[in-house]
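K.L.:
Pasting the relevant annotations from TrEMBL:
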- 1-31: signal peptide (SIGNAL)
- 87-112: region 'Disordered' (REGION)
- 121-463: domain 'Peptidase A1' (DOMAIN)
- D139: active site (ACT_SITE)
- D347: active site (ACT_SITE)
Amino acid sequence: MSKLKSSSSSSMLLPLLISFLLLIVPTFSTSRKVLDENHHEGIIRVNLRHVDSGKNLTKLERVQHGMKRAKSRLQWLNAMVTKKQSQFSKSEELDSGSESSESESSSSQIQSPIHVGNGEYLMELAIGTPPKSYPAILDTGSDLIWTQCQPCSQCYKQPTPIFDPKKSSSFSKLSCGSNLCNVLPSSSCSSGGGGDSDGCQYMYSYGDYSVTQGVLATETFTFGSSKIKSIGFGCGEDNQGSGFEQASGLVGLGRGPLSLVSQLKEPKFSYCLQSIDDRKNSVLLLGSLPKTKNAKGAVTTPLLKNPMQPSFYFLDLQGISVGGTQLSIEESTFELGDNGSGGMIIDSGTTITYIEENAFDALKKEFVSQMDLPVDNSGSTGLDVCFSLESASGRIEVPKLVFHFRGGDLELPAENYMIGDVNLGVACLAMGSSSTGMSIFGNVQQQNLLVNHDLQKETITFVPTQCDRV
C-alpha cells in the first residue's frame with residue numbers, strides 16, 4: 001500500500017455533559033469555513049429538510065430510524081452488485097464462445113431495473129403553470145424526477161394535493177421518439193392506429209419494492225426563485241409502496257441523463273447537510289461555487305465512474321486511519337473491480353457509513369483498543385460499536401478518524417462519527433459493516449461539509465462549512 005499521511009495528534013478530547021445531554025465537541029475540531037454568507041449569483045438554491053425534522057427524537061433515535069429506512073436500500077445494493085457480477089460473468093462467457101438461451105436474453109430485457117430507492121432529505125419545489133408546491137425526496141443514487149399525477153389509478157397518501165396536469169398550461173407529454181424516452185431503463189409505447197398518442201410510458205422500480213409508472217412529460221419546475229422550463233419528469237399514475245409517503249415525489253441527482261443535473265446541463269452542484277439533530281434547513285446549490293477547491297481545509301478527490309452502476313458517484317478511497325494509526329487492510333479493499341464490484345459510493349440517502357466488512361473489522365478493533373471506556377455489548381442501539389458511559393467522568397478521549405482519499409485526507413469532526421445517548425448511557429460509532437463488498441459514505445459523515453460535485457473535472461471537494469451560513 002502506498003504511504004499515506006497520518007494525523008499529527010492521535011486523539012481528541014470530547015467533553016461530555018452527562019447530567020443534561022451528551023455533547024461531542026473535539027478540542028482539535030476541523031475548522032468551519034464560511035464560503036459566502038450572501039446569495040451566489042447564477043446559483044439555484046433549494047432548502048432541504050431531514051425526513052425526521054420536527055419530530056421529538058434524539059440524535060441516536062434519528063440515526064436508528066435512518067438505518068431502518070436504509071435496510072431495504074442496502075439489501076438491494078447487495079442484490080444489484082450480485083446481479084451485475086453475474087451479468088459480467090455471463091458476458092465473459094459469451095465472449096469466450098459459450099451460448100446463452102434466447103429465453104434468458106429476452107426475459108432480462110423485459111424486467112424493470114431496480115434503483116436504490118428513497119432518501120433522507122426532502123427538497124421544496126413547485127411544478128406547473130401556475131406553480132404547485134410539493135416536497136420531493138432528494139436522491140443522489142437515482143436519476144428520474146417524478147411526482148404523482150391525476151388521474152391516479154393507484155397512489156399513496158402524500159402530504160400535498162396530487163398534481164393535475166390538465167390544470168397546467170406548460171405540461172406536455174413526451175413522444176416515444178424523444179431522447180429522454182430512449183434513455184429510460186424501462187419504457188413502452190401504445191401500438192396500432194393510435195401511434196404513440198399516449199406518449200412515452202415509463203416504469204421505475206426502487207429497492208424498497210416501491211414503483212412508479214405513468215407517462216414521461218415535460219413541465220416548468222420552480223426551485224426557490226428560479227423557474228426552469230421543459231424539465232423531463234415522470235407523471236406517475238400508478239405508484240405503489242410505502243417508501244415515499246413523506247413526500248409527493250422524488251428528484252434524482254445521479255449521473256444518468258434523466259437526472260436534474262444532467263437535464264440542466266449544469267456540471268456543478270453542491271449540498272451542505274446540517275447535523276442530523278439540527279432543526280435548521282440544509283441546502284442544495286445547483287451551479288458553480290467560487291473558491292471551493294482552495295478554501296481552508298478543503299479536500300478534493302477524483303470521482304470515479306462504474307459502467308455497471310452508472311448513476312452512482314464513486315470515490316477513490318485508499319485507506320483509513322484511527323487515532324493516527326493507519327489500518328492494515330488489503331490495498332485492493334476499496335478498489336472498483338472490472339466487474340463493477342467493490343469501490344465506495346457517496347450517498348445522501350444512506351444515514352451512516354458502511355465499510356467493507358474486513359476493513360470494518362480492522363477499524364472496530366483499532367477503535368476499541370484506543371477507547372478508554374468499556375465496550376457495551378447489549379446490542380440496544382443497533383450499531384456495531386458502542387461504549388458504556390457509566391464510568392465516564394465528564395471527559396473522554398476519542399480517536400481521530402481520517403479517510404485517506406486520493407488527493408487528500410479528510411479528517412472528520414467527532415460529531416460526524418460519535419453519537420451519545422445519556423438515557424441509554426452509551427456512545428456509539430456511527431458506522432457499520434458492508435457485506436456487499438461496496439462501501440458507502442453516508443450522510444452523518446457528510447454533515448457540516450459542503451460537498452461540491454464537479455462533473456466536468458470529475459472531482460468532488462469536501463469543505464468544512466457552517467451550513468446555516470452558506
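Backbone N, Cα and C atoms are what each Cβ position is placed from, and that goes for glycine too.
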K.L.:
Quick one: pull the CA-CA distance for D347 (active site) versus D139 (active site), whole Å only.
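P.N.:
Here the two Cα atoms are 8 Å apart.
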K.L.:
Have a look at the active-site residues (D139, D347) and report the one with the fewest Cβ neighbours inside 10 Å.
P.N.:
D347
K.L.:
What is the average pLDDT across the domain 'Peptidase A1' (121-463)?
P.N.:
90
